[in-house]
Every structure is written in structure tokens, then in C-alpha cells.
Amino acid sequence: MDNALGTSPDDVQFRFRDDEVADHAAVTVDACCDQTNATAVRIEPGDDARVLLPFLDRLALVEINFPSFGDGRGYSSARILREAGFTGELRAVGDVGVDQLSHMRRCGFDAFAPDKPLNEEDAARAFAMWENVYQRAVDGRRTIPQIRHGDRA
Amino acid sequence: MYKYDSYDQEMVDARVEEFRDQARRRLEGSLSEDEFKPLRLMNGLYLQLHAYMLRVAIPYGTLNSEQMTALGDIADKYDRGYGHFTTRQNLQYNWIKLEDTADILADLAKVEMHAIQTSGNCIRNISSDHFAGAAHDELVDPRPYAELMRQWSSFHPEFTYLPRKFKICVIASEKDRAAMRLHDIGVQIVKNEAGELGARFYAGGGMGRTPMIAPMIRDFVPLDQLITYAEACLRVYNRYGRRDNKYKARIKILVHELGRDEYVRQVEEEFAHMLEQGVEPPREELERIKPFFADPAFEDGPKTLDRSDPDFALWVDRNTNRHKHDSYVSAVISLKPVGGIPGDATGDQMRLMARLAKQYSFDELRIMHTQNVVLPHVKISDLHALWTELEAAGLGSPNMDSIEDMIACPGLDYCALANARSIPLAQRISERFNASGKTEKLGELKLKISGCINACGHHHAGHIGILGVDKKGLENYQLSLGGSEAEDTSLAKITGPGFTEDGVIEAVDKVTDVYLAEREGEERFLDTYRRIGMAPFKEALYG
């Protein structure tokens with residue numbers, strides 16, 4: 001189905017999952033709450049990710065749109081979904097640049113469909129940028145304070 | 001003071017290499033200026049009127065001799081031999097070449113310094129009381145808490161693209177020397193009735209074009225929930241702060257539009273949720289940090305001094321602050337020589353201050369938000385020797401908190417945003433009041449000058465504030481009275497129509513005459529203004 005809203009699997013440049021790429025047309029957050037069969041949804045910056053929490057079980061893909069990389073609301077949306085236990089694909093789409101990749105990963109994104117394809121080498125470097133991190137996020141990494149004090153992960 | 005471990009160092013080193021690569025791509029042309037701009041801003045590199053400006057972070061305003069020496073060396077090697085200390089306790093270099101920037105960052109990294117998050121819409125360098133760890137009136141040293149927040153806020157994955165910049169201040173005394181309530185978040189370390197330490201939070205303060213005083217949003221956050229609560233405050237702001245208009249994007253507008261109570265409700269809800277997420281660093285981390293800020297080995301010594309030299313006595317009275325150990329004081333090195341540029345120091349002066357800190361102050365210096373430098377722990381018996389050296393280097397001006405100790409932003413001489421010049425005005429006012437001897441008569445009088453509505457010169461918080469505006473292509477200056485950045489925080493009110501450069505200097509003279517004629521007892525200018533109100537001042541100015 002031709003749908004202007006969602007990205008297609010072909011648009012996904014980086015993916016950190018082993019399951020099949022979800023190939024569903026994403027619907028808006030409002031539509032998702034009304035349609036009991038929707039399995040893919042797209043969150044825009046102004047949407048409240050928390051309204052999706054009752055439907056997480058049936059969602060295979062959540063796309064979070066970044067119309068402009070400087071609008072960082074999508075980072076909170078992503079983290080909120082992961083904090084609520086969402087395990088499906090979380091795809092960053094739109095104005096996603098090399099320099100946003102590492103933070104997006106930390107906030108729970110595991111697929112990336114940038115408007116402009118990124119240089120693979122630059123992206124690989126960006127994903128590997130931080131050997132260690134200060135804050136607890138939703139990527140399960142042990143933080144520097146935890147390592148300093150021998151905490152478990 | 002805090003010392004990096006291998007993890008802290010690795011973070012800073014990684015950032016230098018990343019920036020070196022970005023600068024290379026820009027110089028080769030594979031990155032456009034538009035693409036490069038957000039990257040350089042994350043590293044404190046601005047493009048100003050005449051050149052690149054690099055802003056170096058000085059966390060909570062504390063640095064050691066080695067770091068101050070490095071700052072002086074960088075000024076000589078890469079700039080024009082000087083740097084400018086800012087109202088955020090940072091240092092700015094004004095004449096930087098893009099091709100040198102990565103090397104400068106590498107030089108900084110060698111002494112555990114950086115320019116990370118000194119610009120951009122992220123959590124900026126955390127500021128604090130410049131007398132922290134030395135002041136007689138503090139509850140505890142606020143810097144361990146500031147350092148905990150520094151680490152938490154560095155490269156925060158969720159809060160790097162906030163609606164707007166975000167400034168946090170941490171203090172731990174009732175006396176506010178850091179303009180705490182004029183920050184996006186102000187934290188005051190307090191004790192509750194059970195005698196436990198905790199954090200009192202204020203949110204939504206700021207200056208700029210819409211100045212606001214932060215309301216208190218939580219009386220007491222237990223210390224083992226400090227980071228979690230801050231995270232909740234930031235998440236609500238990141239999600240709901242306005243992004244449609246850059247001038248309404250600071251958290252103060254969100255708190256104002258939602259109302260303090262509704263903002264608090266949302267934060268509390270998020271806080272309850274975050275507590276379950278386990279984002280707080282292990283409690284041991286704070287305990288690890290604290291010993292870095294332990295008292296140096298103070299020794300008992302003379303508690304009085306020879307005041308026979310009146311110049312020295314004046315400097316002691318003006319420029320020293322009572323220390324928690326009675327054989328010591330904190331000594332303020334004025335960067336406001338008469339007719340000088342407020343906050344500027346040469347490379348030689350920086351190296352001299354570094355040496356004096358090593359010799360007289362346990363290797364420590366502080367930067368004040370009023371653009372001066374502090375040697376926090378000086379033996380009373382060393383004061384004369386210290387003052388003698390400062391005098392010889394042009395650093396002995398006895399003018400702390402006087403009208404000569406004004407804050408001034410770089411203004412139209414440097415800044416791409418400015419509407420008017422600040423520096424020449426500051427120079428002329430200090431020359432005039434010094435020459436007439438009026439400075440001394442006026443006592444504490446905080447004058448603050450901003451060259452545009454962004455208020456980097458804190459004019460809203462000045463006992464006397466001056467704001468430079470553009471009036472049909474001409475520089476024009478608005479005068480305001482009655483502001484304070486201290487614990488009695490207030491916002492200054494505009495007197496009326498603006499003035500020319502000459503006119504505003506006359507106007508400052510007139511309002512100080514009103515004060516001298518009206519003051520009662522030990523009243524400061526601010527106290528008199530608060531008692532008698534604006535009318536007599538207006539009458540003198542426009543009557």
C-alpha cells in the first residue's frame with residue numbers, strides 16, 4: 001500500500017535487530033488509538049508518546065519523526081516507550097545526522113532511516129563514539145559511576 | 001578540587017578527536033557552514049563579528065594553577081594575548097582561527113579542561129558560589145553536588161537538543177553569591193528538620209528579554225534522588241517547552257505559562273516514574289567525589305594585620321571575604337582596573353594569578369560571576385605580600401562590589417548579537433567615578449551593562465542596570481534601577497526614555513546624587529531605592 005506517512009524497509013540504513021524488518025504502513029498516533037489492528041505508528045514531535053502505552057503489545061514498529069534534528073522531543077518519546085517495556089522496532093526517521101546517532105541509540109532507537117543517507121564510515125564511528133557513558137539510559141549500558149563502584153549492570 | 005579519573009579524561013579526549021575530524025571536514029569543504037554550525041556550537045565555538053570566539057568551561061568556577069597557566073598560554077599562543085572571564089564563570093577567547101581550534105581543545109584536555117556544552121541548546125556549565133568551600137556562612141561545600149550534576153549533564157543522551165539553553169546553579173548558603181534564582185534551575189543545598197541534607201529546587205528563572213525570578217518548586221529533595229529529580233524537571237521541559245519561538249523557549253516561559261503549580265505537578269508525576277527507572281548514580285559516587293573538595297591543611301596563624309598602609313587597608317576592607325577559618329580570608333583579584341575592560345586578563349596576568357594561587361592559596365582559584373578572580377584560602381599574614389604583587393601587576397584595584405566593579409558584556413565591540421557597545425561605557429563610568437572620588441562614597445553599588453536585550457551583562461539584576469538598544473541606527477541606552485541578583489533577588493525597573501552614551505553617564509551620576517542626598521544610616525543604593533521608590537530618581541532624570 002502506498003502510504004506517504006511511513007518509511008519503507010528500503011529506507012532503513014542502519015538496524016540493530018535480528019527480526020524481520022517490519023513492513024507496515026505507519027499510522028498517526030490518533031489513528032493508532034482508534035484502529036485496533038494498527039501495528040505500526042508514527043510519532044511526531046508534538047505527540048504524547050504515553051497515549052500509546054496501552055497498545056504497545058500489538059505494535060511491531062514505532063517510527064519517531066525528526067522534521068528537524070534540533071527538535072529533541074523524539075529522544076524523550078523513545079525513552080518513554082522503552083521505559084514502558086516496548087520491545088518492537090524503534091525507528092528514527094527524518095532529519096537524522098551522524099552526530100545524533102550515538103545519543104539516539106542510548107535513548108532506545110534500534111533502526112535509522114535518515115532522509116539523506118549517511119556516510120557509512122562516519123556513522124560507524126559515531127555509533128562507537130562513547131566507550132563509556134555517565135548516565136543511565138535505556139540501552140542497558142553500565143554507567144561510569146556504576147563501573148567505578150563495581151555495581152552490577 | 002576534583003581530579004579526572006581515566007573515565008573523565010577519556011570522555012574529553014574522545015570529544016577532541018571528534019571535533020578535530022569535524023573541523024577538518026569543514027576546512028576541506030565537505031561540511032557546509034550550516035552543517036558545521038551545530039557541531040562547533042556544541043564545542044563552544046561561535047562565529048562573532050570579527051572572528052571565531054571559543055568559550056572554555058570552568059566547572060563551578062573552580063580551577064587550579066596549572067589550568068590557569070594553560071589558559072594564559074593559550075591566550076598568548078592562539079589569541080591576542082588576553083582572554084575574557086564571563087558571567088557564567090567561563091573564559092572566552094575572542095580572536096580564534098578555526099584551524100587552531102582542535103589544537104586548543106587538545107591543550108585544554110591536557111589540563112582536564114574543555115569547551116563542551118558551553119553553547120548550544122543543552123545543559124551548560126554548572127555555576128556555583130565563588131567562595132564555596134571557604135565562606136564562613138555556608139552549610140556545606142556545594143561543589144560535590146555540582147560535580148555530580150556536571151557528570152550527569154555531560155553528553156546527556158536525552159537532553160542535547162532542548163528547546164533552548166539550560167543553566168543550572170548550585171549553592172549551599174542562605175547568602176546567594178551566584179544569582180541562583182536567575183537560573184533555569186537553581187539548587188540550594190539545605191538541611192531539613194531531621195538534620196539531613198537535601199536539595200531545594202527552584203525552576204524557571206532567567207534574564208534575557210523576559211526576566212523572571214525562579215519560584216521554588218520543591219523544598220527538599222533527598223540527596224540520593226538529586227539526579228532523578230533533575231532528570232524529571234528536564235524531561236518535562238524537553239517535552240513541553242515551547243519550540244515555535246526561540247524567544248519563548250526557555251523554561252521560564254513554560255513555568256510561567258503552565259503556572260508553577262502545574263509544572264510542579266507534572267514534574268512530580270515524572271519524578272515518581274523516574275524513581276522506578278533507577279537513573280540515580282550509586283550513592284557511593286557522591287562519597288567518592290566529596291574528598292576531592294576536602295579542606296586543605298589550614299594552619300592557625302595571626303588573625304589581625306598591620307593596617308598602617310591606607311591603600312592596603314582599603315583593599316583588605318573591599319576585596320576580602322570572611323573565611324571559615326579565622327586565620328584566613330578569601331581575596332578577590334579585581335579584573336576591573338579603572339578604565340579597563342571588565343573581565344579581561346592578559347596571558348601574563350593569568351600566569352601571575354596562577355603562581356600566586358600556588359604560593360598563597362593551596363593551588364586554587366575561582367572565577368566570580370562578576371568577572372573577577374578569587375584566591376579562596378589566603379592566610380591573613382600573607383595578605384600584604386599578595387597585595388603588593390597584585391598592585392605591581394595592575395590587579396590590585398580595591399573596588400569589589402563598588403560602582404567600578406561593574407559587569408559588562410562584550411557588546412558591539414565583539415558580539416554579533418549586540419545593538420550597542422558596553423565596554424567603552426564601562427570604561428568611562430569607572431574613570432569618572434574613580435576620578436571624582438565618588439566610588440568610595442557610594443559603597444556597595446552593583447552596576448550591570450548589557451549591549452542587547454539578551455542581557456548577558458545581567459542589567460535586570462543591577463542596582464543600576466544599563467541596556468544598550470538600537471534606536472534608528474544609533475546606540476541608545478535604557479537605564480533601570482532596583483535589581484538584585486543576591487538572596488533578595490529583584491528585577492530592575494526602567495526609569496523612562498533612554499539616553500545617548502554621554503547622556504546615560506550623566507544619568508548614572510544623577511541617580512547616585514539622589515541616593516547620596518536621600519540615604520539613611522547604612523543604607524545601600526538599593527535599600528534607598530526600595531524605600532523611596534522610583535519617583536525621586538525620575539524627577540532628577542526627567543523633571
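If you go along the chain as it appears here, the first residue is 1 and each next one adds 1.
Every residue, even glycine, has its Cβ placed from backbone N, Cα and C.
Those TrEMBL annotations? Automatic predictions, nothing curated.
Taken from TrEMBL, the feature domain 'Nitrite/Sulfite reductase ferredoxin-like' applies to B:52-110 (among others). In this model, the domain 'Nitrite/Sulfite reductase ferredoxin-like' (B:52-110) carries an average pLDDT of 96.
Feature annotation from TrEMBL assigns domain 'Nitrite/sulphite reductase 4Fe-4S' to B:119-273 (among others).
What TrEMBL records for B:341-393 (among others) is domain 'Nitrite/Sulfite reductase ferredoxin-like'.
Under the heading domain 'Nitrite/sulphite reductase 4Fe-4S', TrEMBL lists B:401-541 (among others).
Using DSSP to sort the residues of the domain 'Nitrite/Sulfite reductase ferredoxin-like' (B:341-393) gives these counts of helix, strand and coil: 27 helix, 14 strand, 12 coil. With Cβ pairs under 8 Å as the measure, the domain 'Nitrite/sulphite reductase 4Fe-4S' (B:119-273) is packed most heavily against B:401-541, out of B:52-110, B:341-393, B:401-541.
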